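Over in TrEMBL, the protein carries these features:
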REGION    1-27  region 'Disordered'
COMPBIAS  9-19  compositional bias 'Pro residues'
TRANSMEM  44-64  transmembrane segment
TRANSMEM  105-129  transmembrane segment
DOMAIN    106-295  domain 'ABC transmembrane type-1'
TRANSMEM  141-165  transmembrane segment
TRANSMEM  177-196  transmembrane segment
TRANSMEM  217-239  transmembrane segment
TRANSMEM  275-295  transmembrane segment
Amino acid sequence: MTQTQIPAVVPPVAAPSKPPSARHTRSLARLAAQSTGATPAGKLIYLCLAISVLLAAGPLYYMVVMASRPNSDITSTPPPLTPGNQLGANITRVFDNQDVMFGQAMVNSVLVAGVATVSVVVLSALAGFAFAKLRFRGRNALLLIVIGTMMVPVQLGLVPLYMLMGKLGLAGTLPSALLPFLVSGFGVFMMRQYAAQAIPNELIEAARVDGASTFRIFFSVVFPILRPAAAVLGLLTFMERWNDFLWPYLTLDAEHPTVQVALSRLSGGYYTDQALVMAGTLLGTLPLVIVFIVFGRQIIGGIMQGGVKG
């Protein structure tokens, strides 16, 4: 009996890859040179970026310089350009000033800005999801009303709001600075636009087929997708409420100041200690810097995703 020999299977030899053309090589080299700033255009871009950084960071740096100097140095000519050694002493004087109550003002601002931020983000996300993905009677009319509130200047509502807070017995208390800003028309519109573009209808229908309720769909499916936009909205809301001066100045009494009201007290009177004002301003700026550092990645990601989707 003869044995049949099975021929060995020779794997196909891959054809040698075609070397990149000279034109392609030059294009890659040009892109690499531009990315490293080796070309005149790249150097110009880096120069513009450096100037922008200096213009943005210059006032912050000079604020630190003035906050760390005695008042006599600030009013001297030429003004100092390097930090001094009085920063700790000036900060201590800010907190020791009983007329300003800066420590209490920091706590009040954190409460007002923090609660308003959480409320605006959650309520705006809920309303934005409803306007974008739910079908109900009067949806378009309600959305037009929400957009219309964005066109009304805030100053027009100060007197009616103040009268309302007085009738509710809240004038002079901390809730009066918070209640009018628990929801935002801009936030609702922003989240509605993001939800309409980022959330496919098939995803919501699949969740409904699985038996999920509307609230379960929102918290388990929708809100994780809206998180980048929520981070941007949260930062904008926190900054707006933290920097608000006019409404807290009108509605709060002397025992419940916010940071901006306390800073106005530092600069009031017949004599203004500029070093004290700058030390208080530095303290009032730190929470915003910390928030941006902590949530910077989510904020930038949300802005980039919004730009790509738009």
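Indices start at 1 and increase along the chain as displayed.
Heads up, the Cβ atoms here are built off N, Cα and C, so glycines get one too.
Keep in mind the model is a prediction, meaning the values are calculated, not measured.
Nonlocal intrachain contacts for the transmembrane segment (141-165), taken as residues 6+ away from its ends with a CB within less than 8 angstroms of a stretch CB, comprise 127, 131, 171, 176, 179-180, 185-186, 188-189, 192, 246-247, 250-251. Remote same-chain partners of the transmembrane segment (217-239), defined as residues 6 or more beyond its termini with a Cβ less than 8 Å from a stretch Cβ, comprise 113-114, 116-117, 120-121, 124-126, 128-129, 133, 184, 187, 190-191, 194-195, 198-199, 203-204, 207-208, 288, 291-292, 295, 298-299, 301-303, 305-306.
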